[in-house]
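Now, the feature entries from TrEMBL:
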- Cys336: active site, proton donor (ACT_SITE)
- 40-271: domain 'Orn/DAP/Arg decarboxylase 2 N-terminal' (DOMAIN)
- Lys60: N6-(pyridoxal phosphate)lysine (MOD_RES)
Amino acid sequence: MTEPRGGVQIVERRAIADAVGERDASAHTPCLYLDPGVAVERYEQLRAAFADTDSYYAVKANPEPRLIRRLVRAGAFFDVASPAEIALCLAEGADPSRLSYGNTVKKASDIRHAYRSGVRLFVFDSQDELLKLAEHAPGSAVFCRLLASSAGAQWPLSGKFGCTPEMAVDLLTQAPRLGLRPVGVSFHVGSQQLDPGRWEPSVATAAWVSGELAAASIELTMLNVGGGFPVEYTSPVPPIERYADAIAAAVGRHFGTQPRLATEPGRYVAAVAGVLRTEVVLVSRKTFDDDTRWVYLDVGRFGGLAETEGEAIRYRLVTPHDGRPDGAVVLAGPTCDSVDILYQRAEYRLPLALRQGDVVDILAAGAYTTTYASVGFNGFPPLPTVCIGDDE
C-alpha cells in the first residue's frame with residue numbers, strides 16, 4: 001500500500017500490474033481492480049471512529065461478492081436497496097438481522113420477499129409506504145427518513161427521499177397502531193460531503209421529532225445519520241474522526257437520552273480500494289493549432305464514470321508519462337454519444353507524450369463505478385471487476 005498526501009491509502013499500482021500481467025498492461029481494459037482487504041480496513045477505520053455505532057455498508061456502492069464476504073466476516077451491517085442486494089448479502093453469509101432495507105421506494109412484492117428472507121428493519125418516508133410495510137412486514141422495526149439539505153456535498157442528493165419532520169411525527173405515531181415498531185429516524189446530507197458541520201441541523205431536527213414522539217409515549221432509540229463521508233480524489237478532505245466527533249457533539253447537544261447511532265458508509269469504504277485501469281483510444285485536436293487536446297479513454301460516463309456528470313466527482317489520473325511536460329486536455333469516453341464527456345471545464349492536464357494505447361489509471365474508483373455501468377450501451381460490455389490482494 002502507498003499513502004499519498006492526507007494519508008489516504010490507494011491500491012498500489014505494482015499490485016495491479018501483477019494482476020493484469022506485465023507483458024500487455026492494456027489487455028484487460030477497462031477494468032476495475034479491487035482489493036477487498038483495503039475496503040475492510042476502511043470499514044474498520046470508520047467503525048473505530050464511530051464508537052458504539054452500527055455501520056451499515058451501502059451495498060449499492062460496490063456489490064462485489066468477495067467484498068461483501070470479507071465485510072460479513074468483519075461483522076459488518078448492510079444497507080440494502082433491493083431483493084438482489086438482500087440475496088447477495090445472505091448468499092455471502094450475512095445474518096438477515098444485520099440488514100436494513102434502506103430504500104424508501106419498495107414494491108409490495110419486494111417487501112414480502114425481504115420479510116420472508118428474515119429482514120426486520122425497514123425505512124419509509126410516506127403514508128403509502130408505511131401501509132405497505134404494515135401489510136407485508138408485520139411487526140417489523142421501522143424508521144422514517146427526513147428531508148435534509150445536502151449543501152456542501154460534491155454529489156448532492158435531490159428531494160426524492162425523505163419527508164418533513166411534522167409528517168414524520170404523524171407517520172411514526174401511526175406505526176404502533178398498524179402493528180409496526182417505530183425505532184427512529186434517518187437522513188442523508190449528500191455524498192462526498194466536505195463539511196463535518198452539515199450534520200448538525202438534521203440532528204437537531206431529528207431530536208425534535210424524537211421529543212414529539214416521546215410526548216406521545218413512543219420512544220425512538222435509533223438515529224441513522226446516513227453516509228456521505230468523503231474520500232480524497234484530487235483534493236484533501238477532513239479525516240473521518242472529524243466527522244465522528246462533530247456528529248457525536250451534535251447529538252450530545254440536541255438529544256437528552258442518547259439514541260443508538262447508525263451510519264451508512266458506501267463511498268468511504270469502497271472507493272480507495274479500487275483502481276479503474278483504462279486505455280487511451282485516441283488523442284486529437286479540433287484544429288491543427290489547438291492547444292487543448294481531446295483524450296478519449298475506453299471508459300466513459302456510460303461505462304462506469306457516471307459521477308463525472310456535471311464534473312462533480314473529479315478523479316485523480318495516473319499515466320506512464322507523469323512528471324514530463326503536460327498540457328490542457330478534455331477527457332471523454334468512447335461511445336457514440338455527445339454527452340460522453342468526462343471533464344471539459346475542469347482544468348485537467350496530462351503529459352504531452354500521452355499516446356493511443358497508453359494505460360491511464362483512475363484512482364479511488366472502487367465506489368459507484370461498476371454499479372453505474374450500462375449493460376451494453378453502444379455494444380460496450382459492462383465494466384468488469386478483478387479482485388487483487390489476499391482473499392481471506
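Backbone N, Cα and C atoms are what each Cβ position is placed from, and that goes for glycine too.
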Rounded to a whole angstrom, what is the C-alpha distance between Cys336 (active site, proton donor) and Lys60 (N6-(pyridoxal phosphate)lysine)?
28
Counting across all protein chains shown, how many other Cβ atoms sit within 10 Å of the Cβ of the residue listed as 'N6-(pyridoxal phosphate)lysine'?
20
What's the number of neighbouring CB atoms sitting within 10 A of the CB on Cys336 (active site, proton donor)?
8
Helix, strand or coil by DSSP: which one applies to Cys336 (active site, proton donor)?
coil
Summarise the model's confidence over the domain 'Orn/DAP/Arg decarboxylase 2 N-terminal' (40-271) as a mean pLDDT value.
96
Three-class DSSP secondary structure - Lys60 (N6-(pyridoxal phosphate)lysine):
helix
